[in-house]
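Worksheet: the structure to be examined is printed underneath.
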């Protein structure tokens, strides 16, 4: 018996958009109604305030915290996922004929946007606050290319888009008011703009219904027994009728194919792989540009990892260790003077081989020993610099300009990645998964980029000149010297100032009260200015950027940066950053005019090495030969660099470069917002008025194996519940240490107030003060140092439950300079005595034996400073000391270093007298009432898990050593607390 053929199922595409709008509104409005009905006061409460100060819930609190609204919302969003993904692909189908590249950008941003939406929906703020915020920010950021790209490709929905963007300004403003300034009621205002953003977002997508209806786009699903559709998708302009259809195939169960009534024309269904390949080839130029940018990011990652890898040995040996010779690896372009080698290196096969060997620098993270990592990184830089010079020298002016743009964007990408990764580059060999590294992912992406370069058709290479463009770098050549010196100085300047966005902020930092930029808040501005410099090279004629007035602007900006502090100095630094990034193309073009590639770039990189050494000499570490001649003279090492730095293709690469810089800026902004401390500073034991203070010498943030130590520091400091922390040897905003910020993890994860101490332009070892109590004001000191290294100190007044306490963090000079130590101790004693009788805490690196008489520091500081040693019976000390006055000491411990550093952590526990009262008895007998911990309340105890020894016990290699336990002391009779 014959069966009646079933008609194909046809669904109007506009109906999908309508379903998406209804489901989205239903999900959010239902959750809001249920939340207000069942848990109103709970969902309006936040970390700052509750009802009645806060009276309207945020989106996050509404959808993620309570049953049943959370479950209902997630079910409706799950139902909406199908229409949402379909809408993304339908819009791509409509927009592809108008702009293949633009539609691909919209497609990718739409997919990421949709996936991140699912992320913040199903990972709620109560599940993982940081992940939820990151995904929400990603969602908002992706809305920008999604909407702007949609407007460009379709020309519609402009008004709704403008309303969406208008909500971002007050949204960010009130978020900062709530998160940073902690103003009650600000979150309610933020919530209104957040809900408005959601509604505008849904309406924007809903407007797609009009486009789909106007295009008469249908989705046809063939059911069993109807038809075998032979074309999955056809171009809009190729359709013979006004009604366009996307046909989706479904095989008949009997294996037969029925005839379709009135098919427009016979088509064949392409294999999915073929379809993807077709899309990939049509957008190959954009993919090639992205691959080139990523390979330049690899360049900056491997290049900047060399000096920290070798300087680890110099610091641990406190002398020239021999590893410094590995710096000569960047002189490898000298081999390009060998004709056959140069000829091979300029071939595609040669470049691919050099790229592959460069990956040794990324693979180095798996090596267990620092020396093995250094060897791999050194070898990687040998191949890296040869390949880079082949690119920079170019075969045409077009090629050189293109490479300069990639060079700039790669640097920007490196800076943004550090901003998002606690000031560490996630590719570095000194960073692994435990400290935020993404090494394996980076290697896979690099392999993909290399393969793309290998398989790239020549007509898709943006570096190649088009018809009518000259294929010559220049008609005249420059001398080797004039070509090389600017290039070498440029590389040094970019490395010194712009490889981390917080370096310029550190140069301008002066402490509390804050009257300038804050490192972990405002450093994103450096990233935005870098991006502006890149765009400037694309839109401004080159003769303008070569004008003497532009050079005068850059020199003046550098002078302001070097001379002034706070916002004035930082704005000078931003001007200098703009000048540097805008100078990259002209300097690289000039370098390519040199008569010999090998000589020019070898001399250029030799200039860079000389400036690197001068940069280290300005600090004058005691182990650096001849360092005293350039100590504190960064102006000398900077002036040569300032003096040396003196159109068709632009429009070809402008769309790609602009999109890349825009995405990196948005990523940097999102990372900066996401990294705002998730909690306000909260003292650990406010009830009994207990304060725990520690001093720790961090040895420049590298552990005993040469890996980043920030996570290990965080774990121990958090377990010890330290309210006040003094960190020493922390000045990492230097090329030698990777331009890092050692406080970033502690501030972002625990919410400390932070004073990063004297900046890198002060040429010290570095000192940092972290506090859970507000810092009223702070002063940076450069202690007298006529012979040795400059000794840094921070003196700060803290508000500890209404009592002003002076806290000093200091790093005195070395044993080899007794006069320095005497003068430094005298100055510190003067500062402490001037504050008498106010409560005082000294946390420092002193270099003296206990009870040593003058001119040794101990007697000077204790007697002249009018302070007490935390335990004068502890005779086994040399470097670190804790002194105090006007507080009740109840415990003192010494924690083994583990693998974090070469120095132990010392901790003192104190009780602050009741407000407006002083210590009642400071006699020795009253201060040394030793007790077992069981005789004190439990809030005075330190964690039991850290009892152990070298044979076992403890946590991560840390255990109570010297005494084997914390020492405990009772409060004297009559203490008023």
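Including glycine, each Cβ sits where the backbone N, Cα and C put it.
These features come from TrEMBL:
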| type | residues | note |
| --- | --- | --- |
| DOMAIN | 18-214 | domain 'CWH43-like N-terminal' |
| DOMAIN | 297-451 | domain 'PGAP2IP first transmembrane' |
| DOMAIN | 477-636 | domain 'PGAP2IP second transmembrane' |
| DOMAIN | 689-927 | domain 'PGAP2IP C-terminal nuclease-like' |
| TRANSMEM | 21-40 | transmembrane segment |
| TRANSMEM | 101-122 | transmembrane segment |
| TRANSMEM | 134-152 | transmembrane segment |
| TRANSMEM | 294-313 | transmembrane segment |
| TRANSMEM | 320-338 | transmembrane segment |
| TRANSMEM | 350-367 | transmembrane segment |
| TRANSMEM | 400-420 | transmembrane segment |
| TRANSMEM | 487-509 | transmembrane segment |
| TRANSMEM | 521-540 | transmembrane segment |
| TRANSMEM | 570-589 | transmembrane segment |
| TRANSMEM | 601-624 | transmembrane segment |
| TRANSMEM | 653-674 | transmembrane segment |
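Against the transmembrane segment (487-509), stretch 294-313 shows more Cβ pairs under 8 Å than any other of 21-40, 294-313, 320-338. When Cβ-Cβ distances below 8 Å are used as the criterion, the transmembrane segment (653-674) is approached by residues 101, 105, 130, 133-134, 137-138, 140-141, 144-145, 172, 175, 285-286, 289-290, 293, 402, 405, 409, 412-413, 415-416, 419-420, 462, 501, 521, 523-524, 527-528, 531, 534-535, 538-539 of the same chain, each at least six residues removed from its ends. Between the domain 'PGAP2IP first transmembrane' (297-451) and the domain 'CWH43-like N-terminal' (18-214) there are fewer than 3 Cβ pairs closer than 8 Å, counting only pairs 6 or more residues apart in sequence, which means the two stretches are not in contact. Looking at 101-122, 521-540, 570-589, the range that has the most CB pairs within less than 8 A of the transmembrane segment (134-152) turns out to be 101-122. Long-range contacts of the transmembrane segment (101-122) within the same chain, counting only residues at least 6 positions beyond its ends with a Cβ under 8 Å from a Cβ of the stretch, are 60, 63, 73-74, 77, 81, 84-85, 88-89, 91-92, 95, 131-132, 135-136, 138-139, 142-143, 145-146, 149-150, 152-153, 279, 283, 285-286, 655, 659.
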